[in-house]
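Visitor: As listed in Swiss-Prot for this protein:
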type     : residues      : note
ACT_SITE : His401        : active site, charge relay system
ACT_SITE : Asp449        : active site, charge relay system
ACT_SITE : Ser545        : active site, charge relay system
DISULFID : Cys46-Cys57   : disulfide bond
DISULFID : Cys51-Cys62   : disulfide bond
DISULFID : Cys70-Cys89   : disulfide bond
DISULFID : Cys144-Cys186 : disulfide bond
DISULFID : Cys246-Cys261 : disulfide bond
DISULFID : Cys264-Cys276 : disulfide bond
DISULFID : Cys271-Cys289 : disulfide bond
DISULFID : Cys283-Cys298 : disulfide bond
DISULFID : Cys386-Cys402 : disulfide bond
DISULFID : Cys487-Cys551 : disulfide bond
DISULFID : Cys515-Cys530 : disulfide bond
DISULFID : Cys541-Cys570 : disulfide bond
DOMAIN   : 58-111        : domain 'Kazal-like'
DOMAIN   : 117-217       : domain 'SRCR'
DOMAIN   : 218-262       : domain 'LDL-receptor class A 1'
DOMAIN   : 263-299       : domain 'LDL-receptor class A 2'
DOMAIN   : 361-594       : domain 'Peptidase S1'
SIGNAL   : 1-18          : signal peptide
Amino acid sequence: MKLAHLSLFLLALHLSSSRSPSASDLPQEELVDQKCLLQKYTHRSCNKVFCQPWQRCIEGTCICKLPYQCPRAGTPVCAMNGRSYPTYCHQKSFECLHPEIKFSHNGTCAAEGKFNVSLIYGRTKTEGLVQVKLVDQDERMFICKNSWSMAEANVACVDLGFPLGVRDIQGSFNISGNLHINDTECLHVHCRGVETSLAECAFTKRRTELSNGLAGVVCYKQDADFPTSLSFQCVNGKHIPQEKACNGVNDCGDQSDELCCKGCRGNASLCKSGVCIPDQYKCNGEVDCITGEDESRCEEDRQQNIPKGLARSAQGEAEIETEETEMLTPGMDNERKRIKSLLPKLSCGVKRNTHTRRKRVIGGKPANVGDYPWQVAIKDGQRITCGGIYIGGCWILTAAHCVRPSRAHSYQVWTALLDWLKPNSQLGIQTVKRVIVHEKYNGATFQNDIALIEMKMHTGKKECELPNSVPACVPWSPYLFQPNDRCIISGWGRGKDNQKVYSLRWGEVDLIGNCSQFYPDRYYEKEMQCAGTRDGSIDACKGDSGGPLVCEDINNVTYVWGIVSWGENCGKPEFPGVYTRVANYFDWISYHVGRSLVSQHNV
């Protein structure tokens with residue numbers, strides 16, 4: 001029986017260690033993660049994407065900020081209702097709450113005329129060549145076809161009142177024989193795709209010999225198509241060809257075709273979080289993958305002369321032109337990025353001093369000063385009974401089974417401790433103000449095994465001072481780390497052969513996927529995380545409870561991914577350790593400690 005259990009464990013590790021496949025590795029129907037699709041993620045799902053700067057993340061969804069929550073720095077903008085707003089963020093926040101109030105133009109509302117987009121030469125109201133009239137321009141102008149992609153077409157259709165966006169950009173239109181137009185007279189437009197009006201996009205009048213016609217669009221109506229076995233159903237109800245899913249192009253309009261991918265086709269790259277982004281988003285100065293890899297190693301790539309983000313892709317992205325003339329409107333994308341840069345920034349997960357990374361040693365190794373500055377010990381009476389994790393301010397994260405609210409007065413939090421028989425000079429001792437145990441904690445099943453400890457501030461102080469501690473970051477998304485990622489556990493728990501351990505020790509473990517096969521009827525995947533090694537030599541044990549399972553992202557920022565919770569037969573390979581999955585409790589944590597203390601993004 002044990003042999004079978006061990007075989008299951010090794011198989012799980014093997015499956016976890018398989019590399020992320022490219023689109024060429026997978027049949028077309030297997031590019032999409034069907035289990036992920038059940039979550040119905042869209043461009044408003046902050047488990048998968050960053051919220052816009054006029055939104056904030058609440059319970060996994062990007063919701064509208066109130067205008068006063070926007071940064072004040074910026075220049076005025078005018079909306080289609082003729083009202084001026086202090087900044088672009090204020091207008092977009094107001095529009096988020098009142099979608100009919102769209103952006104018109106930069107500056108005050110003194111300019112003559114309004115921005116307008118219309119369709120002409122279509123056989124129905126849903127299609128035609130696209131014409132725009134810019135503010136302070138006297139005439140309507142067509143859009144050049146070679147600057148037209150799904151990004152621009154989706155924005156145009158939404159602007160025209162078709163919330164599901166575009167159906168096709170290759171329509172056949174009844175163009176009048178009286179239409180005499182030189183291609184050089186059309187406008188080039190560039191949108192990112194998150195805009196709600198073409199007025200927010202950049203318009204340029206260019207002289208070009210590369211134009212191959214005028215841009216047209218067929219907008220999507222709710223009853224436009226019936227689902228087939230070869231269609232992909234978007235979360236918004238739209239149906240697109242299956243081969244358009246996971247290609248880095250937002251064909252759905254709500255991005256749901258790009259958020260649950262195992263690989264990407266075409267000119268797209270796969271984020272570790274299962275999101276396909278266009279190749280030109282890599283190394284463009286803005287982080288698009290929530291896991292950050294699209295902006296890592298950029299300097300190295302530049303040194304190897306690998307151009308990224310310089311030209312737009314074949315899915316309708318603009319060709320490099322030989323001659324340019326005037327910029328008519330600059331677009332608001334740079335302003336969106338600037339607003340993002342003004343949002344509050346949180347410092348966490350970065351050690352003050354850097355030690356040389358040591359190779360993994362079987363059985364773990366003693367830690368040095370500053371190695372794990374978020375690790376704390378919880379002392380109850382005369383004994384250190386559990387570990388904990390400092391997350392900032394006066395707050396410690398630990399396991400619910402470690403503490404009781406009624407005993408808060410008897411606990412002490414020891415910070416920067418290395419050896420509890422030989423206290424080091426950096427040691428700090430904090431008393432406890434209160435203990436908050438998750439209201440749905442179940443001591444029999446270890447569900448919701450999470451608690452918060454609030455430390456007392458010293459007399460006359462307005463905040464807790466822990467000079468030798470650094471908070472670990474709190475993860476907001478369950479997709480920041482994946483099975484087979486190598487992470488670190490630390491603590492003062494029992495060692496080999498149940499020996500007492502007095503010095504802080506650490507060890508590397510691999511995250512494991514669903515552990516229901518090892519712990520039938522006891523493992524709850526949403527709330528729990530398994531981790532271990534092939535030989536069981538690194539494991540959390542008695543006394544480590546409440547301590548950290550931390551993972552580093554690609555930028556070496558440390559997140560508390562798990563809290564030591566439970567397991568069986570410490571150090572046995574067929575019994576991996578089970579940890580409370582912290583990302584599942586981000587909103588619970590932020591509710592008690594305050595969002596500003598733990599929110600890195602989407603604030």
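Here the Cβ of each residue, glycine as well, is placed from N, Cα and C on the backbone.
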Visitor: At 10 angstroms around each C-beta, which of the disulfide-bonded residues Cys246, Cys487, Cys515 has the fewest other C-beta atoms nearby?
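Guide: Relative to the other disulfide-bonded residues in Cys246, Cys487, Cys515, Cys487 has the fewest Cβ atoms within 10 Å.
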Visitor: Specify the nearest of the recorded positions Cys51, Cys144, His401, Asp449 to Ser545 (active site, charge relay system), where nearness means the distance between Cα atoms.
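Guide: Going through Cys51, Cys144, His401, Asp449 one by one, the Cα closest to that of Ser545 (active site, charge relay system) is His401.
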Visitor: What's the CA-CA gap between Cys298 (disulfide bond) and His401 (active site, charge relay system) in angstrom, rounded?
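Guide: It is 45 Å, counting Cα to Cα.
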Visitor: Helix, strand, coil: count each for the residues of the domain 'LDL-receptor class A 1' (218-262), based on DSSP.
Guide: 3 helix, 9 strand, 33 coil
Visitor: What subset of the disulfide-bonded residues Cys70, Cys186, Cys261 lies within 10 angstroms of Cys271 (disulfide bond), using C-alpha positions?
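Guide: Correct set: Cys261.
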Visitor: According to DSSP, collapsed to three classes, what secondary structure does Cys551 (disulfide bond) have?
Guide: strand
Visitor: Just give the helix, strand and coil counts over the domain 'LDL-receptor class A 2' (263-299), going by DSSP.
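Guide: Once the DSSP states are binned, the domain 'LDL-receptor class A 2' (263-299) shows 8 helix, 6 strand, 23 coil.
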Visitor: Identify which of the recorded positions Cys283, His401, Asp449 has its Cβ surrounded by the largest number of other Cβ atoms within 10 Å, counting every protein chain shown.
Guide: Asp449
Visitor: Sort Asp449 (active site, charge relay system) into helix, strand or coil using the DSSP assignment.
Guide: coil
Visitor: I need the CA-to-CA distance for Cys264 (disulfide bond) versus Cys246 (disulfide bond), whole Å please.
Guide: 5
Visitor: When secondary structure is assigned with DSSP, how many helix, strand and coil residues does the domain 'SRCR' (117-217) contain?
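Guide: Secondary-structure breakdown of the domain 'SRCR' (117-217): 19 helix, 29 strand, 53 coil.
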Visitor: Other than its own, how many Cβ atoms are within 10 Å of the Cβ belonging to Cys57 (disulfide bond)?
Guide: 25
Visitor: DSSP says what for the domain 'Kazal-like' (58-111): how many helix, strand, coil residues?
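Guide: With helix first, then strand, then coil, the domain 'Kazal-like' (58-111) has 13 helix, 14 strand, 27 coil.
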